[in-house]
Amino acid sequence: AWKCLPKDSTCGDDCDCCEGLHCHCPLRNMLPAILRCSCQSKDDHINTCPKYKKS
């Protein structure tokens, strides 16, 4: 079965991360060549993946 990625795991988008986490890319605007995104749990961000939307 598919499992979500825990905090600090490298990710491609919010859907890779577990609910409550979001895929954070701190270097997105500075160094695209070494882009490294990771699942984080910052309070001011939410996971926007459709699979976690509450019905």
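Note that the numbers count up from 1, one per residue, in the order the chain is shown.
Placed from the backbone N, Cα and C atoms, the Cβ positions cover glycine too.
Recorded disulfide link (Swiss-Prot): C37 to C25, out of the candidates C18, C25, C49. When the Cα of C49 (disulfide bond) is compared against those of the disulfide-bonded residues C4, C11, C17, C25, C39, the shortest separation belongs to C17. With a 10 A radius on its CB, C4 (disulfide bond) counts 18 other CB atoms from all the protein chains. Taking the Cα atom of each, C17 (disulfide bond) and C11 (disulfide bond) are about 7 angstrom apart.
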